[in-house]
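Encoded as structure tokens, the structure appears first; notes follow it.
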Amino acid sequence: MATLTNGQVDAVVHGGAASTNGLVNGISHTHSPASCATIPMKDHDAIKLFIGQIPRNLDEKDLRPLFEEFGKIYELTVLKDRFTGMHKGCAFLTYCARESALKAQTALHEQKTLPGMNRPIQVKPADSESRGDRKLFVGMLNKQQCEDDVRRLFESFGSIEECTILRGPDGNSKGCAFVKYSTHAEAQAAISTLHGSQTMPGASSSLVVKFADTDKERTIRRMQQMAGQMGIFNPMALQFGAYGAYAQVQQQAALMASVGQGGYLSPMAAFAAAQMQHMATINGLPGAPMTPTSGGSTPPGITAPTVTSIPSPISVNGFTGLPPPQANGQPPAEAMFTNGIHPYPAQSPTAADPLQQAYAGVQQYAAAFPAAYGQISQAFPQPPPIIPQQQREGPEGCNLFIYHLPQEFGDGELMQMFLPFGNVISSKVFVDRATNQSKCFGFVSFDNPGSAQAAIQSMNGFQIGMKRLKVQLKRPKDANRPY
DNA sequence: TGGCATT
């Protein structure tokens, strides 16, 4: 077998994989073993196995004999690193027959150790097989609903193995839950019938019923949240922020205008141009920082601390720089910077590869940061703690309702627009869930009422394009309740 | 006129 070239083996393996599309399930039993070899067919309930603890010098052709003992192989693929092509020491294996997979698992899993390995071989259903495809995430529940209420709602679709309400540290429901059925079909039935079917009292939109995140998705979500928390430290925000320089705004406006086609001025460019005029008017000096009139977030009498060492410009705030591409093929940086938080979205038009863009973005971010660090350290004597995302409502009198936003404005643009008036702890543009379109209104929360008032004074009636912003204090949630 | 969340 050592005489086979890689090319030959790859061709065989790839041929098997490529022929899976369009095959009709359930006819494999009528196939003779001979034809299975040329046109592999698998059971409709075949199990994809994960094989772990494989020596890196063994490829598909070396592994086949080991596994063929238990049945005809439908597909065998050694996992290789996406970037380096390096053998990752594991593989996916699908037998034509489900029974073969079960036999192989029983005979091999943790039963023997391949030469050169410290731990026994792993043979078990792949994550994709056992993934949370029976487990549902349920959102938009009433926070008063308990496990039994949720069970009652879901029990008619199948047998529920597990039902958990997600609760905060205080024991209060977060308004969502996990429901695990015994089969995928039951879970799917519940989604089809219940998702969006009703709106619970006190919930802001209709019931959400979907498959729960896999571990992988959870990891990505966490990183995205982390990136979101860094929002105020991204240079885009700083350019428009309380400490942003006029020249930078000018540059940004020119850049954005140049991106527009056929005379169309992007909303941000239009806004930037308008803001420059506006700020010139209220500050008198265009070059002066756009510091709010209300004292902002810099505590009086606090001077910048003596910074003895800044190990890395971007190590403040707990983010220690760009991790290397991960062996699992999911570079963290990619996830972070494809979350609408591109530091310089329009400056690398030639970088086609998203990863390359991410690297470029981080480099520019790092380059921009030392200047920013000095500013931030004045406002925060200590590196700022990571603020939990749940705590988003500002104190009484700090929350604004903004109407007549440009259609294209998202949370980021909204935040940038209000940063000049103080510390924005949250910005949210209301989006229609069905169409994903902005409803042209949103909310901004400051950490103090003075900033909110300053924002109202300056921004209420502010013209953007054909529209004028309406900026006022948000109505308290229970304002319409009689008692 | 939100807080839309992932053990």
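Any Cβ shown, glycine's included, is placed from N, Cα and C.
Annotation comment: TrEMBL describes A:47-128 (among others) as domain 'RRM'.
For the domain 'RRM' (A:134-214), the model gives a mean pLDDT of 94. According to TrEMBL, the feature domain 'RRM' maps to A:134-214 (among others).
Residues or ranges marked as domain 'RRM' in TrEMBL: A:398-476 (among others). In terms of DSSP secondary structure, the domain 'RRM' (A:398-476) contains 22 helix, 30 strand, 27 coil.
Counting residues of the domain 'RRM' (A:47-128) by DSSP class, helix then strand then coil, yields 22 helix, 26 strand, 34 coil.
Secondary structure of the domain 'RRM' (A:134-214), assigned with DSSP and counted as helix (H, G, I), strand (E, B) and coil, comes to 22 helix, 26 strand, 33 coil.
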